[in-house]
Amino acid sequence: MKPSVILYKTLPDDLLQRLEEHFSVTQVKNLRPETVSQHAEAFAQAEGLLGSSEKVDAALLEKMPKLRATSTVSVGYDNFDVEALNARRVLLMHTPTVLTETVADTVMALVLSTARRVVEVAERVKAGEWTKSIGPDWFGTDVHHKTLGIVGMGRIGMALAQRAHFGFGMPILYNARRQHPQAEERFNARYCDLDTLLQEADFVCLILPLSEETHHLFGQAQFAKMKSSAIFINAGRGPVVDEQALIAALQNGEIHAAGLDVFEHEPLAKDSPLLSLPNVVALPHIGSATHETRYNMAACAVDNLIDALNGNVEKNCVNPQVK
């Protein structure tokens, strides 16, 4: 008999077929309590769980006593209670490699669109405001040869540094838990403490996962240390930034502008002050959102679940020690 799994995300037909070749699949819309109650027997029998964006906590795990592995269609896993998974010896698989280049493209797009005011001036053109030769009130700021500060030199940070160094001639500063010799050799990147990076960088790009250590890592004190001409980019996780402090820094002119793909609370509230600021480019968490990459992420997640339930945790496993 095939192992039973719960699928809480729509998959392309070929990937669903692949999943069904290995497992008995129950598809549900979400992991809300009412859904779990409606499919109580399927959840009780499931050995695997696959999807994205939903909260997986101790209360859900109580309903899934046979669960052995869960596979998320994402690199981030802050919506999972990892301690609860570890306590029950449930493997957590993720997709850390397939989205690197696409997310780096998005970060670079935020750098360019924020510096050159692309969204703002495009809207002015659509509104019929381009009636004569443009003046300084339409101008942006250069990107090439400006100093880029990267906070978090992981895979995405490295891909961003490659684009910035070779494509735009940007000097690279970076801050991370440890030095990255490859970044220093390939991109002439300079490791420095966070305060130095904030004081010297023209663009501060935050590419960090959310953890107890990084929650509200950026607040009033950090924005106060940045240049008034600096542009802040967040493409990691929203709660790494104290959003109220960011709003105040933008409103008070402590920093020049911000390009944001993530927010403390998502979706972003319609009445958020960020949406009324002309010096903010706000995206709906589209870092990896291309047809190609989202397909590859889903395919990776399917393969990860197959591997995990067959005892193979050599790659893409957050907690291999519980095997």
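Going from the start of the chain as shown, residues are counted 1 onward.
Glycine is no exception: its Cβ is also placed from the backbone N, Cα and C atoms.
Computed from a predicted structure; not experimentally measured.
Database features (Swiss-Prot):
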type     : residues : note
ACT_SITE : R237     : active site
ACT_SITE : E266     : active site
ACT_SITE : H285     : active site, proton donor
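Sequence features annotated in Swiss-Prot and their locations in the structure.
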residue	record	CB count, 10 Å
R237	active site	22
E266	active site	12
H285	active site, proton donor	18
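Across the fold, the C-alpha of E266 (active site) and the C-alpha of R237 (active site) stand 11 Å from each other.
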